[in-house]
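Some notes on the structure that comes next.
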Amino acid sequence: MEQITEEQKQAISKKNIFIFELIGTFFLVYISVCSQNEAYQVALGLFGCMLVFGRLSGGHFNPAITLAMALGGGIPYGTMFFYFLPQFLGAFIGAALSFLLLNMDKAPYIEDEPIKELAASLFGEMIGSTIFLIFALICFVKETQLSENRIATLVMLSCIYYACREYTITSSNSLLNPAAALSLTLFDCLAKSWDQMINMWIYVGGPIGAAILATMFYSQLYHSVTHRK
């Protein structure tokens, strides 16, 4: 049998990340549209995607999770591109098929409302994403895993995701996922008008800002306390 070099192992790993992050993100977006974006059904879809593809890619399916993992030391910065590209591509394909085949769109959208309502939507998006990302960091980073049982970990993460979407002041269509929000809104714009993009910054900037907040909490407080010598 031919000896596999370390460079080949890294190439195989990056290939797996690309392929399975794309497939997992595609299914997550497609499931969200087919289920009319019901929070518990999307949470079940997330559980299934993490269960099947998580071993092979890490099971992020969300640029905000990837950013938080990189900032928190869970993955090298150099691998972020191999997550970001398939996540956006998978979300785009999922949104495209749901629009073209099902003629359905469930894009996040909020009109140009008074600043108070916009601030409330952004706050809810950031709070929901921050809570979910803190638990994702705790569960994904080996040093702080709450359980060695993979199924129990995925069930907990799926329940946390459901709670964050159901009980925070956020658009039920956002998925707390910048790639999903941007892709779904793009096809919504093609069907309606480009005005649908007016407040897309909330659904992209909210989770990205939450990734920074979650990493700060995890690195400066949670990790330092749980691993204090």
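Cβ atoms are placed via backbone N, Cα and C, with glycine included.
Noted in TrEMBL for the protein shown:
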type: TRANSMEM; residues: 16-33; note: transmembrane segment
type: TRANSMEM; residues: 39-56; note: transmembrane segment
type: TRANSMEM; residues: 77-102; note: transmembrane segment
type: TRANSMEM; residues: 122-141; note: transmembrane segment
type: TRANSMEM; residues: 200-219; note: transmembrane segment
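Tertiary neighbourhood of the transmembrane segment (122-141): same-chain residues 58, 64-65, 68-69, 72-74, 153, 156-157, 160-161, 163-165, 168-171, 174, 176, 202-203, 205-207, 209-211, 213-215, 217-218, 222-223, selected by CB-CB distance under 8 Å and a gap of 6+ residues from either end. Counting residues 6+ beyond its ends, the transmembrane segment (77-102) has Cβ neighbours under 8 Å at 14, 17-19, 21-30, 33-34, 57-58, 60-63, 66-67, 70, 177, 179-180, 182-184, 186-187, 190-191 in the same chain.
Same-chain residues lying 6+ beyond the ends of the transmembrane segment (16-33) with a Cβ under 8 Å from its Cβ atoms: 41-42, 45-46, 48-50, 52-53, 56-62, 79, 82-83, 85-87, 89-91, 93-95, 97-98, 102, 104-106, 173, 175, 177, 179-180, 183-184.
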